[in-house]
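Single-structure report; data block below.
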Amino acid sequence: MSKKTVASLSAADISGKRALVRVDFNVPLDDQGNITDDTRIRAALPTIQDLTQKGAKVILASHFGRPKGVDEKLRLTPVAKRLSELLGQEVIKTDDSIGDEVAAKVATLQNGQVLLLENVRFYKEEEKNDPEFAKKLAANADFYVNDAFGTAHRAHASTEGVTKFLSPSVAGYLVEKELQYLQSAIENPQRPLAAIIGGSKVSSKIGVIETLLEKCDKLIIGGGMIFTFYKARGLNVGKSLVEEDKLELAKSLEAKAKERGVSLLLPTDVVLADNFAPDANSQTVSIENIPDGWMGLDIGPDSVKVFQAALADTKTVIWNGPMGVFEFDKFAAGTEAIAHTLAEIGKTGTTTIIGGGDSVAAVEKVGLADQMSHISTGGGASLELLEGKVLPGIAALDEA
């Protein structure tokens, strides 16, 4: 699915026009209301700067947290301040996202100026994709740009509803890059293609695993979900996390991999803990020797070697989900080793894609984010795209 992009709009097309740009400025704040990580704001800069340089009047819309109505703590004021610093120009901030105050401020905008609307989720109509609310949001603009990949899997008023009232509706640079990497990895990858899927639950990754079994040459599984596979094989897993209702599914996934000739790799050894704590006692054992009363919190060193060998000849790797409880330093070695491995194979031309969520945090923790080909900004959106699902916020944009 090829979408029309902001890059295709010329200055002649949009100079003096009002652009409604959906961004994802849902950034973390500390107790004092200071932004602790501005990655999402920086990610939107290429689109904003492109529009201002082409002479558009830029109106930004974002959600922030999960407010139930107006919440003073969830106003976008700190975001406007940070964005002003990053752009090197004043960002005008409104106290609402629709209505007379907004219309009045938009009317004063000069070409190349930027205005940030208040948190669109202050209205419950946003998440209900209410057409009247979408119409009011769209009333102050001439065309629409979606650069909020992280919410593209939601059909909300500011991601989907507004496209019915604004034309053209196009993808921003961030959304374009996400589609380029995540879709081509699934639809037309350089092979061999390997996927590394981690995380604690099989249930949350079933769709991705099933899709990837159709597309991948190798599938590596780590994280807490491995114990559901082991138990399905009849192994003792101690008090490790197991989804009892997914044992048959685990068996069928292994059978499906075999049938398709996909190399499905599970860890050969695990790091165990006597309880779920950063300072727990630990021991490393092979998967056949997990004693009662212990729980697995990371993959072991032998597994790391096996996975490294499997990844050595790959041309494309998608990684979604950690290998263990990497928040605890004692149980972070497996996840960190995978991050280092991807950085290494990336140097020899392998495309490395970090598919959102906790694996992004893991790569950032070890300082290797800039050595990956692509780091997805979406959690749920990345997963759904990798599953081959249609994302409403993308589907609503104009075809190229």
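Counting starts with 1 at the first residue shown.
Cβ coordinates come from backbone N, Cα and C, glycine included.
For ASP24, PHE25, ASN26, ARG40, HIS63, PHE64, GLY65, ARG66, ARG121, ARG154, the entry in Swiss-Prot reads substrate binding site. Residues or ranges marked as ATP binding site in Swiss-Prot: LYS205, GLY296, GLU327, GLY356, GLY357, ASP358, SER359.
Features recorded in Swiss-Prot, as mapped to the structure shown.
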| residue | record | contacts (Cβ under 8 Å, 6+ apart) |
| --- | --- | --- |
| ASP24 | substrate binding site | ARG40, ALA43, ALA44, SER62, HIS63, ASP147, ALA148, PHE149, GLY150, THR151, THR377 |
| ASN26 | substrate binding site | ARG40, SER62, HIS63, PHE64, GLY65, GLY150 |
| ARG121 | substrate binding site | HIS63, PHE64, GLY65, ARG66, PRO67, LEU74, GLU127 |
| LYS205 | ATP binding site | ILE197, GLY199, MET225, ASN320, GLY321, LEU383 |
| GLY296 | ATP binding site | GLY224, ILE226, PHE227, VAL237, GLY238, SER240, VAL270, VAL271, LEU272, ALA273, ILE290, GLY324 |
| GLU327 | ATP binding site | PRO278 |
| GLY357 | ATP binding site | GLY199, ASN320, GLY321, GLY379, SER382, LEU383 |
| ASP358 | ATP binding site | GLY198, GLY199, GLY321, PRO322, PHE326 |
| SER359 | ATP binding site | GLY198, TRP319, ASN320, GLY321, PRO322, THR335 |
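For the binding site of substrate, formed by ASP24, PHE25, ASN26, ARG40, HIS63, PHE64, GLY65, ARG66, ARG121, ARG154 according to the record, the largest Cα to Cα distance is 18 Å, rounded to a whole number. In the three-state DSSP reading, ASP358 (ATP binding site) counts as helix. In the three-state DSSP assignment, the secondary structure recorded for ARG121 (substrate binding site) is helix. The substrate site is defined by ASP24, PHE25, ASN26, ARG40, HIS63, PHE64, GLY65, ARG66, ARG121, ARG154, and by the 8 Å test on Cβ atoms against their centroid, the other residues of the chain that qualify are SER62, ASN119, THR151.
Of all Cβ atoms in the shown protein chains, 13 besides its own fall within 10 Å of the Cβ of GLY65 (substrate binding site).
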